[in-house]
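This report refers to the structure that appears directly beneath it.
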Amino acid sequence: MAETCTRKLIVEVCNAKNLMPKDGQGTASAFATVDFDGQRRRTKTKFRDLNPEWDEKLEFLVHDTESMATEILEISLYNDKKTGKRSTFLGKVKIAGSAFVKSGGETLVYYPLEKRSVFSQIKGELGLKVYYIDEDPPAPPAEQKPEAKAPETEENKPAQEAKPEEEKKEEEKKKEEPKTESNKEVKTEEEKPTPPPPQEENPKKAEEAAPPVKVENPPLADSEKKPSKEEKEKAEIVKRSEVTINDIELRSLGSDRSRSAYDLVDRMPFLYVRVVKAKAAKNESKSPVYAKLVIGTHSIKTKSQSDKDWDKVFAFDKEGLNSTSLEVSVWTEEKKENEEATQECSLGTVSFDLQEVPKRVPPDSPLAPQWYTLESDSSSGNEVMLAVWIGTQADEAFQEAWQSDSGGLLPETRAKVYLSPKLWYLRLTVIQTQDLHLGSGSEAKVRNPELYVKAQLGAQLFKTGRTSFGSASSSSANPTWNEDLVFVAAEPFEPFLTVTVEDVTSGQSVGHAKIHVASMERRTDERTDIKSRWFNLVGCETKPYTGRIHVRVCLEGGYHVLDEAAHVTSDVRAAAKQLAKAPIGLLEVGIRGATDLLPVKTMDGTRGTTDAYVVAKYGPKWVRTRTILDRFNPRWNEQYTWDVYDPCTVLTIGVFDNGRYKRDEAAGKQDKDVRVGKIRIRLSTLDTNRVYLNQYALTVLLPSGAKKMGEIEIAVRFSCSSWLSLIQAYTSPMLPRMHYVKPLSPTQQDILRHTAMRLVTTRLTRSEPPMGQEVVQFMLDTDTHMWSMRRSKANWFRVVGCLTSVATLARWIEGIRTWVHPPTTVLMHVLLIAIVLCPHLVLPTIFMYAFLILAFRFRYRQKVLLNMDSRLSYVDMVGPDELDEEFDGFPTTRSHDVVRIRYDRLRALGGRAQTLLGDFAAHGERLEALWNWRDPRATGIFVVFCLVASLVFYVVPFKMFALGYGFYYLRHPRFRDDMPSVPISFFRRLPSFADQIL
């Protein structure tokens, strides 16, 4: 088995904290058992310690590297009883194989202990380091004549050496641990995966019993035999690849066009022609040869090649063909000795009737090309090898084929999948400096310089506060800051983080130090202590040493780097792979087509045209459809999938006009893509396993006002495999734990968000073909923080809309008091008497009424997905001056300097007030969404809660509830948690209308 396995999984069981006492004396004697892929290991027992520290490394063999991501690593803690029948359960931890990292990227992660059942009393955390190591397979032995002796000499030695080691371990365990039945069970389970091989009995029989037939998927027992040559080559390929892609990542990051079921889009018929090569009757001349395809007015030819095959596939949109026959001709280019121009000579033509062309639909195998004789009057015996069939966009050859509706093989018009770079927060803590050389000692004392530290990572630059050199607060000659500087780092990282000490008084640099980013320590939570380090400061060439600086630097993996606007976020996962969770569902989007698009540009200066394509963004995955040239009703019919890790996220889809595939040869620049419109779909408003097929209006805001550019047809389906995981997501915090335990300030969040947006934009614009900067900024809403009178008015009217419900309630109460509707007033009198006589029925009645009202309004819930609302966005009642202000950049382009400063200051303050208004309006809209079934799952959870609360408050006296709530509200800080409560997390996940604002 060791020969076939090239990977080992290392589990470092470091320590545990705050375990539940289980021995009856206020302590616990804990040990851990680790199970992985049929193998079990066990740590030593730490007696009478609720915070045990093991620091043990346990190794496991990975039998199949490709299926490692689907395996589950389970660690269980037990209390080792000296007396008793079995050990007491202390908790368990389950880690998916997709969270394993390669050696070098491991960090200490504390996992909360899980219960085995509902009634288990479990608490505490377990600190683990989990990583894998790829090892080279053992070298094959040298050529030996006696083949039968080889397995005896090689395999029996380690078995003989392992016996005394196992006996020593057993003797140590007998001394340290009591002989309980649980220990015996664990030992027997440990010995089962690695039994000593009985090789001394008849090694010849084993050779004779080996089956000669190769099995594609052998069972576990067969897989332990010697691998074949094909398996060895496969193991070498796996060993060379440093990054393993599991099934979950492959499904979320791939283009997903190889799927046979395009059930959300229409099948588009294409005529495929694969031209492989040609064969001339006379092989003496080596003139360049090319093939030409003609279908009506469509004509295309291959490259001219003399000694190579073409092997090109051409895909013609069948709806755009204006002929029923296909002609394929082969031509040669001959150049005479005295003439410079080349003369083309036809080798013949072959014709196909399109009505007799065979059809192929995956998963059928590809059509084999055949030799066809070319008909020609001048020469005979020439042949061409090609294949012709009718398929759909699901054909494997479609992606690399020449496409008639997207301009052929232009890179800028092809369908592509882009990935945002993986982002980390880099935290630099500047502590102090020592032994600074500021020139001569007399000059430093006279001018009493002020110092600050400047750190730069790529284009990001942050500074600390100033401190005086030699002041009492800075410990005389050792200036101290103790300030944190947070950067955004994108993989692959910048080479170095440059830290510079600046002298404000002289305006010169004291010295700088460079810190290698890739070698920085990574942490996943605040409990991991980062070691501080000293770095020497280097000055100019004549000053190789100007002092040293004391810093603490790390990469924060416990945060999610915010790279989108807060109200349209599509991903909330932490940066560290160890904190990754399994997806709770699958999002499938079918981009079908658009209708009635308006012309965006002119072609040849005579008529308008639109070359439209679609960009969809969810999480780190961006998809871009192919560009349909010169059509106002394009049909893409492309389907993509994403893994969903949180249901309260937003899918963004934008439509653009492609202006980059045409390069201005005179200026040497490409035109920018023009935005046509954008829609957003919140996943929490979707019913699971239901297809939503709708047309959405595309509205874009221009300096002249809002303009409807057309409509787009989208099909969406949100599939969920586990309802329990989906409902559990509503009760968990929106962001990872570090955002609440060690939060960033609002100002810092805004700065880092805009920095992350710039990094994502820069990386995507450097792809090939590049995604335009204007496209990325439009999809990420990079200008939402800017002041806009229109947005401020829209947010204000959102607040007024929420207060309308309160005003309606007040008018209703006033109507009851003034006997506007006598039966209602009489009923309220009866209700008042019931409340006074039976106060314990107040809360049950309220929750029962809420349950009945919500259940009655279920059939009136909104069944059509909402889109960008022009009325809600207040685009119809905005003036040209306000639009000019909105489209004005930051800083403003005003001529007068004073006006510019004051105006920018006002806009900055107005942007904060605008955000505050939007947040306040979102809270009111979330309450309305709870009652209007906008999020069916959230309202369903609240309905069940109302029913249960009605029954509970019917049983529990109100006085006991009030007393219990009072004690809970006034509880000691020791019993409080830093994380948000379940009601707050549930409320924040409710949808609002913020994602419908243009």
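The backbone N, Cα and C atoms fix where each Cβ goes, glycine too.
Feature annotations, courtesy of TrEMBL:
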type	residues	note
COMPBIAS	144-193	compositional bias 'Basic and acidic residues'
COMPBIAS	209-219	compositional bias 'Low complexity'
COMPBIAS	222-237	compositional bias 'Basic and acidic residues'
DOMAIN	1-110	domain 'C2'
DOMAIN	252-372	domain 'C2'
DOMAIN	405-535	domain 'C2'
DOMAIN	568-696	domain 'C2'
REGION	134-237	region 'Disordered'
TRANSMEM	826-856	transmembrane segment
TRANSMEM	941-970	transmembrane segment
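Outside the transmembrane segment (826-856) by six or more residues, the chain places 816, 931, 933, 939, 942-943, 946-947, 949-951, 953-954, 957-958, 961 with a CB less than 8 A from a CB of the stretch. If you look at the transmembrane segment (941-970), the same-chain residues 6 or more away from its ends with a CB under 8 A from one of its CBs are 727, 730, 839-844, 847-848, 850-851, 854-855, 930, 986.
With DSSP states grouped into helix (H, G, I), strand (E, B) and coil, the domain 'C2' (405-535) comes out at 13 helix, 65 strand, 53 coil. Using DSSP to sort the residues of the domain 'C2' (568-696) gives these counts of helix, strand and coil: 7 helix, 67 strand, 55 coil.
Note on the domain 'C2' (1-110): DSSP counts are 6 helix, 53 strand, 51 coil.
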